[in-house]
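Below is one structure, written out as structure tokens, with a few remarks after it.
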Amino acid sequence: MQKTPFHLVEYSPWPLLVSLSLTSMPLGLIYYIRFGSIYLLLYGMLLTSIIAYMWWRDIVREATYQGHHTTYVVKGLKLGMALFILSEVCFFFAFFWAYFHSSLAPSIEIGSVWPPIGITVLNVFQVPLLNTSVLLLSGVSITWAHHALTEGKYYSTLSGLFFTVLLGVYFLMLQYGEYNETSFSIADGVYGSTFFMATGFHGLHVMVGTLFLFVNLVRTYYYHFSTTHHVGFLAAAWYWHFVDVVWLFLYISIYWWGS
């Protein structure tokens, strides 16, 4: 019988192993930049991915099959996810600060105009608008899946999650095509730097969110969630809505106002 409402974690090899694998990643990046060999970086990424899978597998077992995630543990997980999203807000705030700092008072080096001379901006009513529609629709579908889960509608939950994952993949494909069509690169001054840093990191978050939702899709298929206990699903939904909101700010500030 457990004496406290908190999960007292047992000894695990994963924290030590993941610290070693994470150490090899920046070392591999430095080695790649200096000598052009990418093998150490790929090794670190592969090893980190495997360890993360094994660690999260243990967490799923503890939560789903062993009942270690009590009400207090769930509250802590929700608070942790909320603080993580808050840190991500600060992360993107830095990119928006850099963009508006450069655009509201453009320097003489870029012609004192924004967008800078020589930059052909993307049409705001083409792929960017389609991307906005895709993400807004995905926000509707994940909300539909969440409501279906709380009401015990198994197949509706699966359908909503599957549709959201498809929209996430479609968004990434559109973003990749948009990058191939741009007439500027990340090396083309402050506009290219801020554009690709902000939209690129958002694309990375969409990729992570899509993987997060896919894991929840698999877990839903295997009946890991109930109408009252689905903190993993809730965390994925929060993260996806955060990605949606960030894109709206990107679309309004960079694609529409910045053009």
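Just so you know, glycine gets a Cβ as well, placed from its N, Cα and C.
The feature transmembrane segment is assigned by Swiss-Prot to 13-33, 35-55, 80-100, 119-141, 154-174, 195-215, 232-252.
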Inset, instruction - Determine which recorded stretch among 35-55, 80-100, 119-141 has the most C-beta pairs below 8 angstroms with the transmembrane segment (195-215). - result: 80-100
Inset, instruction - Give residue numbers and ranges for long-range contacts of the transmembrane segment (119-141): same chain, 6 or more residues beyond its ends, CB-CB under 8 A. - result: 160, 163-164, 167-168, 170-171, 174-175, 177-178, 181-184, 188-189, 191-192, 206, 240-241, 243-244, 247-248, 251, 255-256, 258-259
Legend entry - Intrachain residues whose Cβ lies under 8 Å of the transmembrane segment (35-55), provided they are six or more past its termini: 12, 14, 17-18, 21-25, 27-29
